[in-house]
């Protein structure tokens, strides 16, 4: 099993880093390519991540032709043939986000059989909102032997109110509605930038989607969609991770192509902590002086609130700010597992239900730790940068799902970090 080894204590990050296309955007975009019954769809600025390879397999398994040019960061999908109805367990079980193929398959074929999803084990992440919305559009759903089977002679528009602004459910319903009869209105819809990016692609394919980025999205169904060329939006979570890395090491880093508007909640909290954040033509610059960092209170919320996908990394930043900080996690259950690993490094923290209290400014020591999920893996590596001595982070399968060349980018900024492959250790 690969490991990342960090020599901590003196890792002030300086320089510039370029951000990849967004993982959370490209996966539903790949699912959307199934909707194009005419022409090829080309996605540009595609990140090279294990989740992308899995989604390519899912789409390819539906009888679409998928060509991934890694050097060009480009995926071409030809879904003009007969799309099959079943997304098999061997692919879908590896990644939770693959459930978003359910809506597109239904829209194209009228019958879908999709394995229950896998991925990060972060609390209870039910898919009932996906299913309730599809039922409102005339879909009959049954769950048997680990599969969701959905049938509809013809999807019809519906007025759907979501109890929670689920990103995945919003994406699934948007895609299903593009080829439905009539108008679909989704209220309390997710408002993330990745939702907007999906709407842009769908409209480029000939769909009629309005209101993406607001709490009410309206989709007027059309007869068919066609291929197009689309550039994947930049990854705001990767950008945020490097903002935090610069802040917690007292660094000076330009995050190229980062979008201020997409990172506004994070930037607000960085400024509150005493971090200098500057919008420049090429991206966002982050500077900090460790002695100026102040403890803060943060609560995760659906967008435009503070993103849950930045919670773990921000708790790492809290470890170097003197005083007691608090982090309240309202989006997912069981998302403080990384703090248990940080305690092995000397972190003083307490978890009471959905709230973590973190005592910052205390010396941390390097240790051997294990990643528990995607964002936790990044948080543990960042903590290793500021801990004294050597930190070894294992279970990198999580890291590779969402960060491309993470250790290399940190090393280019001055971090003492290397990745040791399993074969290297065996020699």
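Each residue, glycine too, has its Cβ placed from N, Cα and C.
Swiss-Prot lists 120 with the feature active site, proton donor.
Residues or ranges marked as phosphoenolpyruvate binding site in Swiss-Prot: 23, 24. Secondary structure from DSSP puts residue 24 (phosphoenolpyruvate binding site) in a helix. For residue 24 (phosphoenolpyruvate binding site), the same-chain residues lying six or more positions away in sequence with a CB closer than 8 A to its CB are 97, 167, 192, 194, 235, 237, 309.
According to Swiss-Prot, the feature UDP-N-acetyl-alpha-D-glucosamine binding site maps to 96, 125, 126, 127, 128, 129, 309, 331. DSSP assigns residue 127 (UDP-N-acetyl-alpha-D-glucosamine binding site) to coil in the three-state reduction, outside any helix or strand.
The 2-(S-cysteinyl)pyruvic acid O-phosphothioketal feature in Swiss-Prot is assigned to 120; the stated evidence is sequence analysis.
Cβ-based neighbour count (10 Å, all protein chains) for residue 23 (phosphoenolpyruvate binding site) stands at 26. With respect to their backbone Cα atoms, residue 331 (UDP-N-acetyl-alpha-D-glucosamine binding site) and residue 23 (phosphoenolpyruvate binding site) stand 19 Å from each other. The candidate set comprises the binding-site residues 128, 309. Of these, 309 has the most other Cβ atoms within 10 Å.
The binding-site residues listed here (96, 127, 128, 129) include no residue with a Cα within 10 A of the Cα of residue 23 (phosphoenolpyruvate binding site).
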